[in-house]
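What follows is a short report on a single structure.
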């Protein structure tokens, strides 16, 4: 399927916040409650429509363990968007956001659009981080923000598409040099070209829900 643009995303955050589950829900529309930790980096892709324009999202799901941080850092380069994920039931994952954000700002394109996601909002009875705290963190750091649930799919679609809409707006405003591949954006010329990984809407490798 042809696309106007290809946007590269990276998903970051602590181990166990549900990064791989968010990706699987977005690409395959299913929830897998138990699987292995993500080792290194995994990949998914899907076509979306933003403002009537077909856009392919190429999404890199990273391991949250400290031992993989150096690998994760190498994937910041060349990403147009990032989903920064914490678990609303685990306070420490929220407390670690500043460290993840510092990493992203240090190693990524300065114009990268970042969506902060408070995952597992279906477990509101176990909530350890208020929605207002998430909103405040996002406001202070210039991030988009949503609470979502990989289990129920609430706001999962919206998180990926709102990030794409922000990137598209930045292109239209002249923020990105789309001819530079390090921007994380490829122009599609109306046909699919050079897109690695599995077919649209699928994950080419297994995902790790806890990763």
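Glycine is treated like the rest: Cβ placed from N, Cα and C.
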Correct range for motif 'Effector region' (source Swiss-Prot, candidates 26-34, 35-43, 44-52): 35-43
Listed in sequence order, residues with CB under 8 A of residue 121 (GTP binding site) and six or more positions away: 88, 147, 148, 149, 154, 155
Neighbour-count leader, CB within 10 A, binding-site residues: 13, 16: 13
Residue 19 (GTP binding site) CB neighbourhood, other CB atoms within 10 A: 31
